[in-house]
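What follows is a short report on a single structure.
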Number of protein chains: 2
Amino acid sequence: MPAANSGSAASQTVHVPLGDRSYDISIGTGNLVDVGRWVTSLRSVTHAVVISDANVAKHYQQRVEEAIAAEGVRVTSLVVPAGEPSKSVSTAQSLWEAALADRVDRKSVVVALGGGVVGDLAGFIAATMTRGLDFFQIPTSLLAQVDSSVGGKVGINLPSAKNIVGAFWQPKGVLIDTAVLETLPRREYLSGLAEVVKYGVTLDAEFFSYLEANVQPMLDRDPAVLQKIVARSCELKAQVVAEDETETTGLRAILNYGHTYCHALETVAGYGEYLHGEAVSVGMLCASRLGEKLGVFDAESTQRQFKLLSALELPVATPKLDERAILSVMQRDKKVEHGKLRFIVPHRIGKVVLTPDVPSDLAMDAWREGCEA
Amino acid sequence: MPAANSGSAASQTVHVPLGDRSYDISIGTGNLVDVGRWVTSLRSVTHAVVISDANVAKHYQQRVEEAIAAEGVRVTSLVVPAGEPSKSVSTAQSLWEAALADRVDRKSVVVALGGGVVGDLAGFIAATMTRGLDFFQIPTSLLAQVDSSVGGKVGINLPSAKNIVGAFWQPKGVLIDTAVLETLPRREYLSGLAEVVKYGVTLDAEFFSYLEANVQPMLDRDPAVLQKIVARSCELKAQVVAEDETETTGLRAILNYGHTYCHALETVAGYGEYLHGEAVSVGMLCASRLGEKLGVFDAESTQRQFKLLSALELPVATPKLDERAILSVMQRDKKVEHGKLRFIVPHRIGKVVLTPDVPSDLAMDAWREGCEA
């Protein structure tokens, strides 16, 4: 029984089955205090490079580093500015050099303490430093807990493309303490809920119903409900990733439900205008209306998503933006093959289908009908 | 039967058995003309990023690109300055950006055309671009043909450490045309022979005897002998790599025979003073004398190496350098564990042993006794 579980009576473990790259996600409330014993229970460690960002470091860096150091581990502490610009080549270079200056070697480990940006960046450092270091993740945003901490995608951005440089580098373990979500700004927290809803629509109708029945506890960040939704989201993503680890069969693409519209919205509205989950919320509703137009999805199911996302205070209307620009982004999205539009289209709640060859006029109709008055 | 073999009646294939990362090395004389058919016989390709350096590009870039383009493949041609400084973060960044600007995507492949620097750099680009692209290697120096093209080590340097950022990224195939060695400067060619001798001493006494019997053909770059020594070197390295792909069991370390002294020599003499193989030549003789001092190796075998390396016009004497500096570099070499000196020591021709806990005075005696008069 891993020591990680001792901090919380109700903690639970999600196994991510990937052959010799398998790992466990330990999910609890207040289990962050056990991070030192958790890391050292997974392998012997003498040196850990803890990478965080300024926002997260303020709350948790000292606690995490003391807990790791208490196990006799030398800790190198590296803090980057919060926000997407830190996923850059120059930040990566300064982290490589700082780790080297503090005597990193092939037996060192990397611990990512933060949200998606920190996880992606620290994971890329782990994947490349001395040709690969063991990597431990402590996701501190809801989005990172339910999405980017499962699946091993790590990377950085170039000025003209996000996540274009990176690797598939699975962690040795993920520790999720849902209590850290208490310090998450409300808007960011709500944004993470959009990805939780996505798992219901794409993979699990029963889970979707559970979410409908628990709107208020979710808004209140109720610990028991948080643990349930995080654990179930991780389980569902783990099942998909286990069958398509490096995104080669197309299965993993279903996790991109809502994301073609989302990406167009983020790009045309300007990065930063929408949080990622907010754009996902709008995008899922577009994809649902597209499903109706294709005759494979019913209006009532679109309406259920609309009600749930609205109740979770997420945006549900498409803004008035240049439609040609929206279409243009969707056409050069990486999910487009051979110039045809390709969408993840829902067939019913709990079931989505990768659909190539979607006519662009239908796709734009589905966008336009969601427009705010 | 791969098309690669059609260019040369005497071509042969060395298989590198690494499970689902297995690949073949196709070795011939004049088989470069078949590079297009070779790449497309290994997988379907629509876009190839060919990375080379200015020296190699002058002789072979056009020929290679035309052969690939003739198979209907779009080619992006990227040329970096020749030499170790190109293994930098800034060069990697410009390659990432240039590949992206020419519409690289997840189905693109990377072709490395050049020596060790190009192979390491292009391999790192392949390992990280869009989280990993298929990678093909065409090593054009003898050192790259017998060493760096087998084993999947790719990477770049930081200002304070070589090869510290990288990955294990196996190629999908390696094409070796020994005819390209004709354009290799003589000193660089001879330097590569030192690594060939290393395979004899470390792994194959019969091969060592073959080398002793074929000094003149090697000096003359005789095609049949070249093919034999390249193929046997690749086979021997492949056997070791297959058993210790990511350098975790210690077995792969035996390929570092002579390299602790070599690294100290390169560092203290100043990078560029010795070519790598030249420093390996000196280092192997130091390690042999160390074997004598440890009572595990006989003087006659040291003498056989001395004669062979001399005949191949390689340096055999240690230069007069600051001995404290030499020792200091060896003590902080990555092959040192827990502050003790660790060497690959020969026991007989064809057999070397990883030996920890070597007393530093013995190590320095072995250095000193090789000093030039």
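Cβ from N, Cα, C; glycine included.
Taken from TrEMBL, the feature domain '3-dehydroquinate synthase N-terminal' applies to A:78-189. Summarising the annotation, TrEMBL assigns NAD(+) binding site to A:GLY116, A:VAL117, A:VAL118, A:GLY119, A:ASP120, A:THR140, A:SER141, A:LYS153, A:LYS162. Annotation source TrEMBL lists domain '3-dehydroquinate synthase C-terminal' at A:192-336. According to TrEMBL, the Zn(2+) binding site annotation covers A:GLU195, A:HIS259, A:HIS276.
On the structure: features taken from TrEMBL.
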| residue | record | contacts (Cβ under 8 Å, 6+ apart) |
| --- | --- | --- |
| A:GLY116 | NAD(+) binding site | A:PRO139, A:SER141, A:LEU143, A:ALA144, A:ASP147, A:SER148 |
| A:VAL118 | NAD(+) binding site | A:ILE51, A:SER52, A:ASP53, A:VAL56, A:VAL80, A:SER86, A:ALA112, A:ALA144 |
| A:ASP120 | NAD(+) binding site | A:LYS87, A:SER148, A:LYS153, A:VAL154, A:GLY155, A:ILE156, A:ASN163, A:GLY166 |
| A:LYS162 | NAD(+) binding site | A:LYS87 |
| A:GLU195 | Zn(2+) binding site | A:LEU142, A:LEU143, A:VAL146, A:ASP147, A:SER233, A:GLY277, A:VAL280 |
| A:HIS276 | Zn(2+) binding site | A:LEU143, A:SER191, A:CYS262, A:GLU266 |
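Taking H, G and I as helix, E and B as strand and the rest as coil, DSSP gives the domain '3-dehydroquinate synthase C-terminal' (A:192-336) the counts 105 helix, 1 strand, 39 coil. The binding-site residues in question are A:SER141, A:HIS259, and the one with the fewest Cβ neighbours inside 10 Å is A:HIS259. Secondary structure of the domain '3-dehydroquinate synthase N-terminal' (A:78-189), assigned with DSSP and counted as helix (H, G, I), strand (E, B) and coil, comes to 46 helix, 35 strand, 31 coil. On the 0 to 100 pLDDT scale, the domain '3-dehydroquinate synthase N-terminal' (A:78-189) averages 96 in the predicted structure. Listed in chain order, the extra residues whose Cβ falls within 8 Å of the Cβ center of the Zn(2+) site residues A:GLU195, A:HIS259, A:HIS276 are A:LEU143, A:ASP147, A:ALA194, A:LYS198, A:GLY258, A:CYS262, A:GLY277, A:ALA279, A:VAL280, A:GLY283.
For the NAD(+) site listed in the record, the two most distant Cα atoms among A:GLY116, A:VAL117, A:VAL118, A:GLY119, A:ASP120, A:THR140, A:SER141, A:LYS153, A:LYS162 lie 21 Å apart.
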